[in-house]
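What follows is a single structure, written as structure tokens, with notes after it.
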Amino acid sequence: MPSSSDAINRISYISLVTSDNDKFNQTFQFYSQLGFRLTKSFSKVSSYGSGLGANHPEFQLGVSHDSLKEVWLESYPLQNVDSNGNLRPWQEMEVYDGDNCERLNESTVIKVRLLGETPLKSISQKQFVFFTTQLNKIEKILTDANVKYGKVVDNVILAEDPLNNIISFSNTQNELCKTRFQSPEEYVEKTTAEILAKRKKSQLGSKFGSFEEISPSEVGGGNGLRKKKIGVMTSGGDAPGMNPAVRAVVRAGIYYGCDVYAVYEGYEGLVKGGDLLKKMEWSDVRSYMSLGGTSIGTARCKEFRERAGRLQGAYNMIKNGIDALVVCGGDGSLTGADLFRSEWPSLVKELVDTGKLTKEEVSPYEHLTIVGLVGSIDNDMSGTDVTIGAFSALERITEMVDYIGATAASHSRAFVVEVMGRHCGWLALLSGLATGADFVFIPERPPKAGLWKEQLKEVCLRHREYGRRKTTVIVAEGAIDDELNPITSEEVKQVLADLGLDTRNTILGHVQRGGTAVAFDRRLATLQGVEAVKAVLEMTPDTPSPMIGILKHKIVRIPLVDAVKQTKAVAEAISNKDFDKAMSLRDNSFYDDYRYFRDISIYDDGSKQLSEDKRLNIAIVHVGAASAGLNAATRAVALYSLSRGHKLYAVQDGFAGLVKGDLKNLTWMDVEGWHSLGGSEIGTNRSLPSQNIGKVAYNLQKFNIQGLLIVGGFEAFTSLHELSEQKANYPIFEIPMVVVPATVSNNVPGTEYSLGADTCLNQLVSYCDAVQQSASSTRRRVFVVEVQGGHSGYVASYCGLITGALATYTPESNINLRELQGDIDLLQKVFATDRGEDHNGTLIVRNEQASAVYSTQLIADILKENANKRFETRTAIPGHVQQGFTPSANDRVMAVKFSLKAMEFIETRNGCYGKHDRKFSDEEISEHSQVVIGIHGDVVKFTCIKHLYDNEANVALRKGKTVHWTDMIDVANILNGKSLLKKQERY
């Protein structure tokens, strides 16, 4: 007899080999009698001598290449039977909870093979151990087959198969199990009960729907510390981006080991309590990213303004164990939250004194933590460059004015558009820049009382004389003159009507709040929501309540009281007629935006023209792939040039056109309406100066070009480097040249932002939302979405964050099998308990150059192969749709800023400014004439092309060396569950 170490227990698969045809048939017959069922039969040579199996490859799947014959025998798992004795389907059994759930027991497959030559003989005899619940039936089968057998103990039968393998049968599952089963029914009943009990225990302590099974909350709670409970609420007017903020707070809170409660209906939910305070699970916020408004509701609550209301709010928070509050709202909501915190100790004391709560109940809640998120479409909060929802509202306004512009041009009408903003003119000013408005009225820079009507008439009439068929005037709802008299849209309408214009008045109203958040707001809200949770966990009772803001493109914490105080100071400055102070209290770029609007819309009357000797000939050329913002930048440069007296030449069809000498002098009407046009009206391609550098120099000299703007992506960057390197041979290349980055890939060294990237991301938001809706509607579907970006992972990382993708593959991350396996594990957990009711559709985002091996289709196939039928996969490739049709509002505004800043650089290098009028310091312009304009934080700066090319450019991969979007990758991994899965593996 073999030793116990030679025994093979709990067999799932075994291959038995012989070269004797009789023994092959005997072995097949032996195991068939024991209850194994034939599932596959293969023979290379049939009984008639024809090679049936050999001629049909589909019959050979899984068959060993050296087998003449094979039979596959399988013992199926034990299952329940119905009243007629028929097996019930596995999916109808009580223990079934998805195809990957634990089974009652595993099946066994025996492959019997016939070889043409004698196989190697085994050194030792092997023993196979089979589990059975019917030993008496096994004895009868062996007896009827005249097979000798014996018993070692009363519950183990030993026998030999025709190939002399020792097989044993036992009615215990393994050596550690003491239970001896006497019937299939007994085993099924007991095992079913054990599986259900184990599952119930697992679901009580951990359930992936809430991500508690991989949450590190046990780590924080296991050391005797009370688990932090955070409330999140939205208050005041709704704003796009509030839902992504709530999603971020909920999931980041769970990730950091906290319980998170949604306070429904704003402060009203805090006062009323009950069902309006709901503990949130991971899956509760699954679809929040693509929803506009706020799904947890908002309301203006009069009760909370009174101490009695705040007292009741404190009571409800303590009863639910909540001692931290993240409030997303405007300045009024955040002021109320900070007042609540300052009163908290006295409110707690009053609750004890009145007997509503005991000292023991309130002792863990002596201090309240408040963190503010600014959700406001007005962008009127000081201390932050932009508020959640502002860019979404700007996008809505821009879209509506574009629509209005179409009908206005058709009928040659004038439209007065009133936008929201209260005491803040940000929406009015930037929408004026983005839509090419003739005039804007904002409270921070009011016109002269008694004179503004004539000024308005003069500007609008002049533009009509230039050939414009429509007139657009944007009025902020808080617009005033310098004597604080309100300027209403009706008044403005009457002024235009007096000019004889067919005028209409449009108040956009709450349409500005509507719709889903744009890409920028989704990112802003998500990053700020995660930062809010970190602030809650890091604050002490002495820490002032912070407001989470964004300064220089970095998420920061600002004392809430200071921000509110400074915000109110703007209104006070306006009421005191100190308009310069009001302008200075706005974000850093507000004054520049106002200055640029005047340059291209008001000062085209010739009042700011330079003297004849300082007027320049400037050329602009588009290089590389089309990108949103090219035309908007060209329009801004053309209008600025006309207002300053310069000549602007548009190079047709890139550097190929410059080689031909195909340049056109642009007029005012040539660029009319270009602010809203995508693509390139003057033509663009990937041709470089090096194709005929001599001709490029000749035509620049021929047209006496004194400054060159190169608008485009990495080809524009390369073009400037080629021109700069040839300065010694062609002195004309000493003229100031500026690259204005414009590419969806955002891969130009020297800048963190390129024109067209925002439009691309907004396109991807719409595309991925639609794809995700399809995935959710069809249930259990995973889409692998391929996005552009070249070898830069910026677009993919941004897209993955703002669409809630489960995984993002970029060139920087290096896809490998280990990472794919981790994502497969995460997907399997996501779908493990899903029965189709959760609308559980999932996205994976892949950059087009993420891997030369793991293509989009291959990743989808690998996921599908490992899905075990729990989900299916599809691919989605938006392709050139990502370039967009109409530029986003943000791209239009940035096109004006970039291009006019570049023009000021060219003017400065050509000595157009006097000593006191210069726009740049000596350090900024230095000795370099060939530069790239870029954004670093919120600072626009110029960097020498030689420095960038030599030190910061990866020329081979056509991108910069700096990865400035790592924060998006880290936050995305927290919110998609990947970081949680890794923590589970560690703990």
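Each position is counted from 1, following the chain as shown.
Cβ from N, Cα, C; glycine included.
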Swiss-Prot has S376, I377, D378, M420, G421, R422, H510, V511, Q512, R513 down as binding beta-D-fructose 6-phosphate 1; which of E343, E454, E477 does it also list for that site?
E477
For the ATP site that Swiss-Prot lists with R300, C301, G330, D331, G332, S333, give the additional residue from the candidates G231, G237, G241, G405.
G237
As a quick check of your reading of DSSP, tell me how many residues in the region 'Interdomain linker' (603-616) are helical, how many are strand and how many are coil.
3 helix, 0 strand, 11 coil
V744 (beta-D-fructose 2,6-bisphosphate 1 binding site), number of other Cβ atoms within 10 Å:
30
Looking only at G237, R300, C301, G330, D331, G332, S333, which the record lists for ATP, tell me the maximum pairwise CA distance in angstrom.
15
If I take every residue in the region 'N-terminal catalytic PFK domain 1' (1-602) and average their pLDDT values, what number comes out?
85
Enumerate same-chain residues with a sequence separation of six or more from R300 (ATP binding site) and a Cβ-Cβ distance below 8 A; give 'none' if the list is empty.
S235, G236, G266
Checking the binding-site residues R686, Q788, H880, Q882, R958, which are within 10 Å of G330 (ATP binding site) at the Cα level?
none
Indicate whether V744 (beta-D-fructose 2,6-bisphosphate 1 binding site) is helix, strand or coil by DSSP.
coil
Write down the Cα-Cα distance for R781 (beta-D-fructose 2,6-bisphosphate 2 binding site) and Q788 (beta-D-fructose 2,6-bisphosphate 1 binding site), rounded and given in Å.
23
Report, in whole Å, the straight Cα-to-Cα distance of N746 (beta-D-fructose 2,6-bisphosphate 1 binding site) from R874 (beta-D-fructose 2,6-bisphosphate 2 binding site).
27
